[in-house]
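Pulled from TrEMBL, these are the features on record:
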{"type": "DOMAIN", "residues": "13-135", "note": "domain 'SET'"}
{"type": "DOMAIN", "residues": "147-163", "note": "domain 'Post-SET'"}
Amino acid sequence: MCRQRVLQEGRQIPLVLFWEGRKGWGLRTIFKIPKNVFVGEYVGEVITFAEAKRRNKHTKYQFSLATAITKLDNKFLVIDATSLGNETRLINHSCNPNLVAKLVITNKYSEHDFRIGLYSMRDIEPGEELTLNYYPTTVKPKNSKKGRTKCWCDEKKCRGWLPAASETRRSY
C-alpha cells in the first residue's frame, strides 16, 4: 500500500505509554507487529532549520527533514513536536532500532505536506519497546562530551554517547 494512503488511514496498532526510568517515557506495543508495517506518524509543527536552531535550547522533540527534496524556498525543514506532537515523540533512541522513519511527501508545494511515517524494520514482539535511531547517518562527534547525551540503549554495538544537539538533529 502506498505511504500516503497508510498515513491517511492513521495508526491501527494500539501502543502503550510507559516510564523507562533513566530513558524517560517510552512506547511499547501490546500486539506483535510484523516487519514493514506502519506504526505511526511523527507529528509536529513544520518549521525552518533556522527556527529550529533558535528553539533548540527549549526542545528535544525536533526531527530534521534535511534533504534536497524537503527544501522549501531554499530552506531545510524540521518537524518540531514540542507543542503539537503526538505519542510518537516519546519513542526512545536505540543504536539497534526496531523502527525506521520514512519521508512521505503529499504535496511538493507546501511545507505542511512533508510528513514522517514510522515503520517496523523487523517483527516486533508484544511488550517490546519501540525504538528509533535518532542519528542514522554517520555523525562524527566532537572529542568533547559537553552537550552530548548518554545513550541508554544497552545494545552490544551501542555508541555510548549521542551527538550534541548542536552537531545534528534526529533525521529520517
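Backbone N, Cα and C define each Cβ position, glycine as well.
Same-chain residues lying 6 or more positions outside the domain 'Post-SET' (147-163) and placing a CB less than 8 Å from one of its CB atoms are 22-23, 92-96, 131, 134-135, 139, 141. Confidence for the domain 'SET' (13-135), expressed as mean pLDDT, is 83.
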